[in-house]
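To start, the structure itself, in structure tokens.
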């Protein structure tokens, strides 16, 4: 049997249970998770080849592209509900779990509609944080099981509240969650105008928070929600208005990636105390639901350590068990009926079902400058020399501070070079030019240094011999990928060989937030989209939809140009003056109606 080099990319860690390397050395998708039978895996290279083959009109999809596997979405939803069902049964919890998918995580029509469709039997609902998202949710939830939640979060004006009340009048189970005390006045006013009685919740600002980037909006200094004493003020105000029965839900959110279950347990316990106080001390006997927000994380680096923003130290079962046990213990202690449990788990539901496919254009050895040629011992010597210059001198204090800063920066740079020298000694680093815009396809990498697992789609039965960084096609020095999971500055790739066909790198676990946050730097836009559904054994699949990414004409139109009037007509006029319109017309038409990324590029052979 051929050697499998999937372990070089740690696929057995972050990829469990959906990704593996098959006998042909290709990345494959196990669409049913651990229940995927031998032969049911979908070969990613086969999908790419089918998606890029010309159709009856001679047209074919361009790179980059996103592959969606909706079967994985279905499996994620079922797995989440199974985890909560098992925890509820094991602990003899006295209520049920009923979750929602936050539309902000991936607003694409197919994804949101799939979430509602696949979650129908579980009364799976949606969460909206703005008026556009609310309209999407209102439409999609007309196909949901009656009673599915439509949770309305985010800051609200009168129009938002009125729209939410209209959705309630349509028979949807809408809950307006107060982020600020002032929003209650808006709800009261709009309810009176429309004659629609609302159901409201309130967001708690907990003291529990998580470390790192994803915990920055939690804790007492968090952006959203009310501290416990303000929540009780809301209850008092509702009671004075004889509207206490409106209040039915308590919501909290401590961060998008909770690293460990002890924080999950602590947050659920703290929120349960507030929930129980509302019922027992403030007489809100209509309370029914505890919404535990997001935070169910994804183990992007596959370490299962929870030691960074890229990792969580638990799975679905441990997460569900922590919430159920924490809430049960507090409610039993206070003598309060167990509430319906809701979570807004978006990242963990959507991440696995989607991957970005990048096409390698060329690979060029990174040139070494004089300092890069320095030996490790020479670099050590330079650092020692700089250290000796940091001793106190007769300079003034301010001059001495400038002196220390200057040499400190030099030492830092040399230290970085020393570190790189140690890790890449005797290895040339190659810059792989990819048909990619980091800003459009991987905005979280560029914006918050979020790392995603990456690996070649094929040749995984060959040892990758090149240490590589990835550079994109934008005219921006930030358009590169030189940080990878497991804290490395290169990733192993194979030499490019045109005789073997295209060489593709998959960026995985990208189904959450990347499309929503995408931008158009250099007017490189969105990728082609391919929807892939398994059809049974033998790795059979159907490409249900294959959509070309944003064309140049569409992208130019987004920045206030009238393409016909401001672009085509102006170019035509000048081209006719120079008697070259016959040539220019074809090129302009082709340029406008294709994606701005490179097409039909043939990489040169590598030495």
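Using the three backbone atoms N, Cα and C, a Cβ is placed for every residue, glycine included.
Swiss-Prot has this to say about the protein:
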type	residues	note
MOD_RES	104	N6-(pyridoxal phosphate)lysine
BINDING	290, 291, 292, 293, 294, 295, 296, 297, 298, 299, 300	substrate binding site
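For residue 104 (N6-(pyridoxal phosphate)lysine), the spatially nearest entry among the binding-site residues 290, 292, 300 is 292, judged by CA separation. Classification of residue 298 (substrate binding site) by DSSP places it in coil, neither helical nor stranded. DSSP assigns the residue listed as 'N6-(pyridoxal phosphate)lysine' to a helical segment in the three-state reduction. According to its DSSP assignment, residue 290 (substrate binding site) is in a strand. The binding-site residues considered are 290, 292, 296, 298; of these, 298 has the fewest other C-beta atoms within 10 angstroms of its C-beta.
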